[in-house]
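Quick look at what TrEMBL annotates:
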- 257-280: compositional bias 'Polar residues' (COMPBIAS)
- 294-393: domain 'HTH araC/xylS-type' (DOMAIN)
- 252-280: region 'Disordered' (REGION)
- 6-24: transmembrane segment (TRANSMEM)
- 31-50: transmembrane segment (TRANSMEM)
- 62-84: transmembrane segment (TRANSMEM)
- 96-117: transmembrane segment (TRANSMEM)
- 129-160: transmembrane segment (TRANSMEM)
- 181-201: transmembrane segment (TRANSMEM)
- 213-237: transmembrane segment (TRANSMEM)
Amino acid sequence: MNTLQLSIYAMALGLCAFTGLLAWRASFRNRYFLVFMTLLVLMLGCDWLMHHPSTPLKNLWLVILMASALLVGPCALLLANSVGNADLHINWRSHAVLVIAAWLLLTPLATSIHFGTEFVNAAAPVTKAYAFFIHTGMSLTVGLFLLQTLWVLRTCYALLQRRNVQNKWLFSELADPGLNLLRILVLAIVINAVVSIAKVLYCALLDGVYMPINIVISGIHLLMAIFLASSYISLVVGAQGKAEAIRQTLFKPEAHPTTQSDTTASKNFEPSSNSNNKTTAELTGKQQALLKQIKAAMDVEHLYKKPSLSLRDLCDHLNESPHNISQVINESDLGNFYDMVNSRRVALASQLLQQNPQRTVLDIAFDCGFNSKSSFNSVFKRYTGVTPSQYRA
């Protein structure tokens, strides 16, 4: 058991160091990932020390473990907010009050710390009344932890919605490493809550059967670290760098000066809805000229056929800034970048499906700019209500 757990701990530590180095060198604000990974490794280490038979100060490791678990949520919010480039208004004072209150409730447990290798000090056992006081404090801490988890998940959901909206402005496909990272982050918060509560319950009720349980918990922590690390690496390196640079340019705080609350931010994020779209006559002369260039690139040059087309590609093609092009698209009848591209892809696909019954659906999908049959089916059904095969039948 010890060798296996030490190996898991070493792997998690290596992941933390590698992804932490990437986070520190990243050009955008994801250094919170280093803190988040460090917290995971710290909790894993405390878990190992707490359950190792010959390790003293059991209650100390339990206090540190519970105190660290309360920091995972706020740290996850910092990371999610920076990944989404959403600058969502978060009431940090309320989060701080909740964390401090939970830490104070751990004070009775902290007073029971001793150098023995068991949770209970056999040499100087506490009274039943004080033991009840300790367990009550731990239970209330768990309650506050659950409240914090629900609060954080609600805010992360708003951030997920914002990221989805941003992607429709930037990409012709909604697959996005940053969105995957946010989803896995939400999953990590849920797993952290379940595992942390399980640890407290096992310490209180099942201290004698820790061996297989502890290995499972360590493995879950490692898997969580692996998924988070792989998603983060996909976001930081490769072709995503340029896309994230554009995202920061378009969605930096100055572009959205209005402060929004946690609950209403996701609903009010889009700066221009269909009802606010301008007609061609309402656009300035420069904007009308740029709109003609964009439509020519789509309808004459058929740029939409390029797989994984992004706003960055259109900017390079027209030699224009992302801000100007995004503004014209979103203030015109084009809607947003995602709809502008995919509505044309679907229109072309509809024609090809009817005119070329001998060709396969996959061949037509590739001709229209889709990367896979699954994405083609999903987008086609979204715009027409039926799958390509049903449309052809």
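Every residue gets a Cβ built from N, Cα and C, even glycine.
The highest tally of CB pairs under 8 A with the transmembrane segment (31-50), across 62-84, 96-117, 129-160, 181-201, is held by 62-84. Listed by sequence, the residues of this chain that lie at least six past the ends of the transmembrane segment (96-117) yet keep a Cβ under 8 A from its Cβ atoms are 53-60, 62-63, 66-67, 70-71, 74, 123-124, 126, 130, 133-134, 137-138, 140-141, 144-145, 147-148. Looking just at the domain 'HTH araC/xylS-type' (294-393), the mean pLDDT is 90. Residue counts for the domain 'HTH araC/xylS-type' (294-393) by DSSP state, with H, G and I taken as helix and E and B as strand, are 71 helix, 1 strand, 28 coil.
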